[in-house]
Amino acid sequence: MTRQEVDEVVEGTIMELGLQDCADTVIGSWHLRGISGGEKKRLSIALEILTKPHLLFLDEPTSGLDSASAFFVVQTLRNIARDGRTVISSIHQPSSEVFALFDDLFLLSGGETVYFGEAKMAIEFFAEAGFPCPSRRNPSDHFLRCINSDFDVVTATLKGSQRIRDAPTSSDPFMNLATAEIKGLLVQKYRSSKYAKRAEARIAEITTSDGLEVVPPRGSQAAWWKQLLTLTRRSLLNMSRDVGYYWLRIIVYLIVSVCVGTIFFDVGNSYTAILARGACGAFISGFMTFMSIGGFPSFIEEMKVFYRERRNGYYGVAVYIVSNFLSSFPFLVAIASVTGTITYHMVKFRPGFSHYVYFCLNIFSCIAVIESLMMVVASLVPNFLMGIVTGAGIIGILMMTSGFFRLLPDLPKPFWRYPISYLSYGSWAIQGAYKNDLIGLEFDPLIPGEPKLKGEVIITTMFGIPLDHSKWWDLGAVFTILVIYRIVFFVILKFKERVSPVFHKIYAKRTLHHLDKRPSFRKLGSLSKRHQPLQSLSSQEGLNSPLN
């Protein structure tokens, strides 16, 4: 589609859902007020009907809305259905006006079909079963009152009160009849009713018809580069608007960098400066980059959008991962540049532009690795609290094997040295940082008068780091780990995409097997002697049924 065609579809959808008044308003977040609850509901529906689906499933679209907003939402759904699409929706306590908008009604209780047919005929069905709806009662409330067993608890509580106990008879028939019995009678009535036969005949007619099968197109119809450009632009916009995603971290990094710079200010070349330089380099490469875990909650929210859009086939996994990195790239560069510039010049690491560039690149790669690791964690854990705990534990293990708390040659060879230390971004980052700073420098000896200590000797003897490869090799190893984490993230998403339907199928079979073993409402015995005989609700309440 051309850009003009896309804009026409978007504008048409906005008009169809009545969102033109808030078209230029941000949706909102935890720190920014946006559109109202009713507008958010309509926006969610608009996102789904953009691609003109044949079938639209909605789960309680009116929950949390006032009566006017609920009516507007359902009226919009009715208009969508009139446009040749099928809308299936569960509904939460609809008003009589909202209920009247639905074409068909499907009542379920405990896995049993109580009624399935035209919504306007449900009142007649309940009247034929001996439970007519009083003229001044909302039909949907009446139906739920008949089939929802939770009301039995309320009835038992009322019966236990002194005033109800003293009353010889109750005007409410539900005080004298258990909901399970009402429900059982309704289920039996429906199975032998004309409504059930009509539904079965229609199902048989549909299943034997030819040419009704719709084969949806596989994947997105947009070009890969168009998907990448669109996702990158949107993600960059969200990241720039969300204060907690990067802006807050940039401020924190700025403050911490000043603190590090003042603590290690002009560290010098004395003997004690050796350990000070090592501690400062390890803190910047390990602990400061650890703060990137703070953006995890925002990324979890982004993943929710990805899962929904991926299920709809809007774009692929690979293009999402690439777009996420591209959109975060300028923010990561800003964090690395701010942190590197302040600490490098205040601490006065080894001078030289190439050393400064390497210092900033090292910080950038470490932050990018942490973000990639947290993306892997986000794809494995169900919520952000567990993700933060899991991610912090993994990063803590990687930091312990980085070579600062215990020298790399002294690590236990099985597992910790091989392979954990080689998989730890911190070990490669610290090795590169030490080589970048110490090689070519000379330090005062411990005892005055002795020869100066060369940086190369300090790296090999005091820090246990071999010099058999250059610092650029160490930096390349960190970037390699970055790519590996992104690939792992891709594999996990694709694996979940393939395996999830299998697990859903197994769960559905177990649920059906469990329902088959439940006592069927068809085997209800005679009514309990303590209950009164069945009487119509209208006669007990002194009201007239609208059908009589």
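The backbone N, Cα and C atoms fix where each Cβ goes, and this holds for glycine too.
Per TrEMBL, compositional bias 'Polar residues' is recorded for 533-548.
What TrEMBL lists as domain 'ABC transporter' is 8-63. Averaged over the domain 'ABC transporter' (8-63), the predicted model reaches a pLDDT of 86.
Under the heading domain 'ABC transporter family G', TrEMBL lists 92-147.
The domain 'ABC-2 type transporter transmembrane' feature in TrEMBL is assigned to 227-436.
Taken from TrEMBL, the feature region 'Disordered' applies to 526-548.
Annotation source TrEMBL lists transmembrane segment at 243-265 (among others).
Summarising the annotation, TrEMBL assigns transmembrane segment to 271-293 (among others).
Annotated transmembrane segment per TrEMBL: 314-336 (among others), in sequence order. A Cβ distance under 8 Å defines the sequence-distant neighbours of the transmembrane segment (314-336), meaning residues of its chain 6+ beyond its ends; these are 51, 219-220, 222, 224, 227-228, 231-232, 235-236, 239, 245-246, 249-250, 253, 302, 306, 360-361, 363-364, 367-368, 371, 375, 486, 489-490, 493-494, 497.
A Cβ distance under 8 Å defines the sequence-distant neighbours of the transmembrane segment (356-377), meaning residues of its chain 6+ beyond its ends; these are 284-286, 288-290, 292-293, 295-296, 299, 324-325, 328, 332-333, 335-337, 339-341, 344, 349, 387, 390-391, 394-395, 425-426, 429, 432-433, 436-437, 471-472, 475, 478-479, 481-482, 485-486, 488-489, 492. As annotated by TrEMBL, transmembrane segment applies to 356-377 (among others).
Look at TrEMBL and you will find 384-408 (among others) tagged as transmembrane segment.
Positions annotated as transmembrane segment by TrEMBL: 472-493 (among others).
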DSSP residue counts for the domain 'ABC transporter family G' (92-147), split into helix, strand and coil: 23 helix, 13 strand, 20 coil
Same-chain residues at least 6 beyond the ends of the transmembrane segment (243-265) whose Cβ lies under 8 Å from its Cβ atoms: 30-31, 276-277, 280, 283-284, 288, 291-292, 294-295, 297-299, 328, 331, 334-335, 338-339, 342-343, 345-347
